[in-house]
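Per Swiss-Prot, these features apply:
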ACT_SITE  Ser64  active site, phosphoserine intermediate
BINDING   Asp14, Ser64, Asp445, His446  Mn(2+) 2 binding site
BINDING   His125, Arg155, Asp156, Arg187, Arg193, Arg263, Pro264, Asp265, Arg266, Lys337  substrate binding site
BINDING   Asp404, His408, His464  Mn(2+) 1 binding site
Amino acid sequence: MSEVKKPLALIILDGFGYSESDKYNAINAAKAPTWRKIWAENPKTTIATSGMAVGLPEGQMGNSEVGHMTLGAGRVVYQNFTRINKAIADGDFYTNPVYTKAVDDAQSQGKAVHVIGLLSDGGVHSHEDHMIAMMELAVKRGAEKVYMHAFLDGRDTPPRSAKAPLQKTEEKLKALGGGKIASIIGRFFALDRDNRWDRVQQAFDLMVDGKAAFTAQSATAGLEAAYERDENDEFVKATAIVDADGKPVTIEDGDAVIFMNFRPDRARQLTNAFVDKNFDGFARARVPALSDFVMTTEYSADIDTSCAYPPEDLVNSFGEVMAKNGKKQLRIAETEKYAHVTFFFSGGQESLYEGEDRILVPSPQVETYDEQPEMSAPEVTAKLVDAIENGGYDAIICNYANCDQVGHTGDFDASVKAVEAVDAALAEVFAALERVGGEALITADHGNVELMYDDEAQQLHTQHTTLPVPLVYVGKRDISLEQGGSLADIAPTMLALLDVPQPTEMNGRNLVKFSK
């Protein structure tokens, strides 16, 4: 048996925001005695998870990738979203050498430029302004065949909100005097991340072979037809936008494809379908010999293709500091959030640090998580309790995915059950910590289930919120937590509790005040 230690656990309740209002609030509607007790009796505060506090534009909701990177970094990391916004604002975007080479090489051979990505103002995986800017770059550099293949959101935005970005794009292209939206399809198909290749194939076949369930004369007409079929944005079936002759636009040999998503996880599978020489996800009728395939950010170090905005090094994150100080750490989550407690929490590093262990618990194989709101929380909890009692860890980072993943479905009753499942898990975790004399910080990476309906849009609120999230200390020490913090302050706070020096690169602040 390993040495029994008194670990510090960081428990991340994904999508568990803070709102005093009971209106549309699945947390306040849930039977959650464990949560209510610690919130009433323990040192607590709320912290910011959105906007400039996490390196995003002001007012922009946070997300799991940004949240976990900020949690682990202990500083504000200017996210790719902000980085690209800044490049567009100062003009550097339009001279980015990777983008311009892709456009110029295709144009010089009379070939087409295809801009693909999530056309949305959600700002989680992409932004419509980036896609429109890319179309503008191509048209202004003289490319005559410039096409957009738009993936529709409805997950990080209201379920039926795609009309505005489609109209905005059509109006901009009309003003530019070039470019066309060539196809639309829901992100459910194009941006799968769980190896459901049958979905991705529908997006690939649409763009490469023009194989479509439906055709339309314009993108907005195609969307309206989808709504008539009762398809929300996320689930819009493959629709080719055709001219009067009925012929779809297809990606051909010598064309350039530019993928404008800046968040990697949901861009990898479709990218691999285009560029992986050993691809075996599905049978491709045709694989175009592209002049270039550009990923806007590095979707994976293993993907061998052009990258417009390569990663910037992030040194002395929490995991690295722990390793340098000879400490033992564990990262644990189910599949949906495993990358977040590992890759993102480690500042974009795939490999393990010295003294780091990882536990991956498979997520349930269901169509949507409202079918199983408890997800794999019981299995995560069983392994977490064992790690607390027997693992000999100094620090444990754990994510419970339920509130975010179920909250995205918009199902209020299922979201209440998700909260209750997490509450039951917390009861077991706290009991284990008490048995070994351990302690915990409970927080979230962003909100979701505390606001499940959008009064203004008159639709379900399936996306993240900009509300603050709780931070609670559970343990025997007599401490208080300072107000006005953010996710960037969590790593410094953990290091203070562990009596590990905070490196200069971490400019977040320790929120713990120890009683004298």
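Including glycine, each Cβ sits where the backbone N, Cα and C put it.
Here the features listed in Swiss-Prot are painted onto the structure.
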| residue | record | DSSP class |
| --- | --- | --- |
| Asp14 | Mn(2+) 2 binding site | coil |
| His125 | substrate binding site | coil |
| Asp156 | substrate binding site | coil |
| Arg193 | substrate binding site | coil |
| Pro264 | substrate binding site | coil |
| Asp404 | Mn(2+) 1 binding site | helix |
| Asp445 | Mn(2+) 2 binding site | coil |
| His464 | Mn(2+) 1 binding site | coil |
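Asp156 (substrate binding site) has His464 as its nearest neighbour among the recorded positions Asp14, Ser64, Asp404, His446, His464, going by CA to CA distance. Within 8 Å of the centroid defined by the CB atoms of Asp14, Ser64, Asp445, His446, the record's Mn(2+) 2 site, lie the Cβ atoms of Ile12, Gly15, Thr49, Gly62, Asn63, Gly67, His68, Lys337, His340, Asn399, Asp404, Ala444, Asn448, His464, excluding the listed residues themselves. In sequence order, Asp14, Asp445, His446 are the binding-site residues from Asp14, Arg266, Asp445, His446 with a C-alpha within 10 Å of the C-alpha of the residue listed as 'active site, phosphoserine intermediate'. Annotation: His464 carries the greatest number of neighbouring Cβ atoms among the binding-site residues His125, Arg193, Arg266, His408, His464 [cut-off 10 Å, Cβ to Cβ]. Between the C-alpha atoms of Asp14 (Mn(2+) 2 binding site) and His408 (Mn(2+) 1 binding site), the distance comes to 11 Å. The candidate set comprises the binding-site residues Asp14, Asp404. Of these, Asp404 has the most other Cβ atoms within 10 Å. With respect to His464 (Mn(2+) 1 binding site), the closest of these binding-site residues in Cα terms is Asp445, chosen from Arg193, Pro264, Arg266, Asp445. The Cβ of Asp445 (Mn(2+) 2 binding site) has Ile12, Asp14, Gly15, Thr49, Gly62, Asn63, Ser64, Val66, Gly67, His68, Leu71, His340, Asn399, Asp404, Val469, Leu487 as same-chain neighbours under 8 Å, each 6 or more residues away in sequence. Note: the Mn(2+) 1 site is recorded as Asp404, His408, His464; in the same chain, Asp14, Gly15, Asn63, Ser64, Asp156, Cys403, Gln405, Gly407, His446, Asn448, Thr462, Gln463 also have Cβ atoms within 8 Å of that site's Cβ centroid.
The Cβ of Pro264 has fewer other Cβ atoms within 10 Å than any other of the recorded positions Ser64, Pro264. Between the two most distant C-alpha atoms of the annotated substrate binders (His125, Arg155, Asp156, Arg187, Arg193, Arg263, Pro264, Asp265, Arg266, Lys337) there are 19 Å.
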